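Undergrad: Got a structure for you, questions after.
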Amino acid sequence: MNPNLQSALANCAQLVGVCISALLVDSIGQRILWCLSAFSCFIFLILYALTLKISMPNYTPPLFIFYFRLGYGFGVGPITFAVWVQLFSDKLRLVGTSLMMTGYYIVIWALVYGHPYALEACGDFYTTLIYAICTFFSIFFGAFCIPDHRNKDNEDMALI
């Protein structure tokens, strides 16, 4: 399959996931969406890693990447930016969110910059497993750190 087509399909999957998440976040809640999303990302990272070691049909790696991006768009991707605002009181919201965004971009920069070194040191399979393990731990972050605002009145929530 053409790599450009694979990329387009993966990005479309993430867009569809974000649209589904937007419809479900009020009824299901951010915490549950995050946990489901992180779990699906974990599973599909493991399955993708297996395609690097086990001979499988050519369509399986792009299929697992498609489902990974769908799961990412379903919760972990968009909820990351929505949750920060809710973790701080009104007085600290601007500074807290700014610091968290700065930290986020530093971590992303380190990840993108360090990825080639991880590939060189560990290989594709183990690098993907490291990402899967980090994603697995994010399930616990979602379960214990993300506030659940399903039962809150809209008056109590800050408008962005």
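From the backbone N, Cα and C atoms, a Cβ is placed for every residue, glycine too.
According to TrEMBL, the record shows the following:
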- 6-25: transmembrane segment (TRANSMEM)
- 32-52: transmembrane segment (TRANSMEM)
- 64-85: transmembrane segment (TRANSMEM)
- 92-113: transmembrane segment (TRANSMEM)
- 125-146: transmembrane segment (TRANSMEM)
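Looking at the shown structure, can you explain where the listed features end up?
TA: Remote same-chain residues near the transmembrane segment (6-25) are listed as 33, 37, 62, 65-75, 77-79, 82 (criterion: CB distance under 8 Å, separation of at least six residues from the stretch ends).
Away from its own ends, the transmembrane segment (32-52) comes close to residues 17, 21, 24-25, 60-61, 64-65, 67-68, 70-72, 74-77, 79, 83, 124-125, 128-129, 131-132, 135-136, 138-139, 142-143, 146, 148 of its chain (Cβ-Cβ under 8 Å, at least six residues beyond either end).
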